[in-house]
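Asks: Below: one structure in structure tokens.
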Amino acid sequence: MGAIVSPTTTPTDPPVAAEQAADHSDATPSEEPSASPSPTKTPTTKAAPTSSPAPEKASKKPAATAEKKAATKPAPSKTAKPKPGTSTAIGVLATLEVKGRAPKTGYDRDLFGWREDVDHNGCDTRNDVLRRDLHDVVLKRGTDGCVVAAGTLEPSPYSGDDVAFDQQEDNSLDIDHVVALSDAWQTGASSWDEDTRHEFANDPLNLLAVEDNLNQQKGDGDAATWLPPKRSYRCEYVSRQIAVKAKYDLWVKKAEKDAMKDVLADCDDYAAFSGAVATPDRWEGDNAREAAAAKPKPKPKPTATHAPSRATSSSSGSSSGSHSGSSGSSSSSSSGGSGSSGSSGSSGGGSVYYQNCDAVRAAGKDPIHAGDPGYSRKLDHDGDGVGCE
């Protein structure tokens with residue numbers, strides 16, 4: 001009977017049965033039905049469902065986070081402030097390199113070829129700019145519509161004043177380089193080739209007709225050392241300087257940049273310079289017209305110069321007839337001396353004589369023509385019959 005009781009206690013001790021089943025696989029086939037409940041109670045079957053889902057949830061959570069980050073990553077670029085561009089002057093200024101002033105060694109204004117006809121229109125740059133900037137343009141005769149003889153700068157961008165221009169009498173206008181040639185040399189131009197220097201010096205973007213005294217006052221100054229007296233023009237002036245430096249990749253000095261920022265602070269979001277700068281062709285300009293032909297001065301009558309001496313001579317002769325012989329002799333002698341002085345200067349034009357063209361001009365007889373009293377070949381160097389032109 002004792003042998004019968006022992007198998008009934010086997011289910012209550014599953015660990016022993018498990019060990020025996022593992023160590024004696026050949027002896028346990030008969031006990032296999034009774035041992036079947038033991039696997040359901042073992043922790044291995046419970047650990048399987050709890051351990052496998054855990055990694056799956058853990059792996060899905062980071063993936064969702066990564067996808068969310070990827071989806072939200074472009075969002076800041078839509079609302080972020082754009083990089084400085086070319087829409088405003090301050091934006092263009094932000095793109096310029098800031099460096100110290102380079103040495104002026106080797107600088108020569110002639111290296112820039114100022115006034116050359118770089119656009120090949122047959123006119124020098126100075127007159128191209130005058131035709132662009134002046135009003136009521138008068139063109140000099142015989143220059144094929146190039147040279148400006150007169151006009152009005154109204155108003156001057158630097159002062160706000162109207163300035164009359166007359167090439168012959170009062171050449172009061174200069175052409176200013178908005179970014180001075182010397183300043184350009186010290187901020188990058190010293191490394192340029194000849195073509196680039198000439199292009200820069202004659203670029204209409206960098207040129208303005210202004211009063212000569214203000215141009216001389218400015219010298220080679222930058223925005224930190226000189227600004228136009230007309231305060232309302234300063235924003236455009238600085239904007240134009242920035243445009244020139246950006247176009248030619250010139251740098252700015254720290255003090256120069258600070259001064260530019262101070263000016264632009266008074267004109268919020270001032271647009272980058274984009275004004276019309278092209279120069280007109282020959283014969284073009286505001287109300288451009290050729291100067292009227294000069295009216296030839298009337299030729300003086302040959303006898304007009306001699307009339308006074310004749311009157312004196314006649315008077316003297318008459319007087320000598322009514323007075324004593326000695327008095328008449330004196331008058332005659334005086335008259336003869338005067339006549340001698342006149343005839344001594346005669347040179348194929350009567351008794352009038354001019355030492356040079358200055359004497360002709362002083363007498364108001366210029367130009368003097370062949371056949372006029374006092375005309376001589378020495379006054380007519382080109383032999384065209386017109387002297388002291």
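Count begins at 1; order follows the chain as displayed.
Cβ coordinates are placed from backbone N, Cα and C, and glycine is handled just like the others.
According to TrEMBL, the region 'Disordered' annotation covers 1-92, 281-389. Summarising the annotation, TrEMBL assigns compositional bias 'Low complexity' to 27-65, 72-89, 313-335. What TrEMBL lists as compositional bias 'Gly residues' is 336-351. Annotated domain 'Excalibur calcium-binding' per TrEMBL: 353-389, in sequence order. Marked as compositional bias 'Basic and acidic residues' by TrEMBL: 363-389.
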Asks: Over the span of the domain 'Excalibur calcium-binding' (353-389), count residues by DSSP class, listing helix, strand and coil in order.
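Replies: Taking the domain 'Excalibur calcium-binding' (353-389) as a whole: 9 helix, 4 strand, 24 coil.
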Asks: Averaged across the domain 'Excalibur calcium-binding' (353-389), what pLDDT does the model get? Just tell me the whole number, please.
Replies: 78
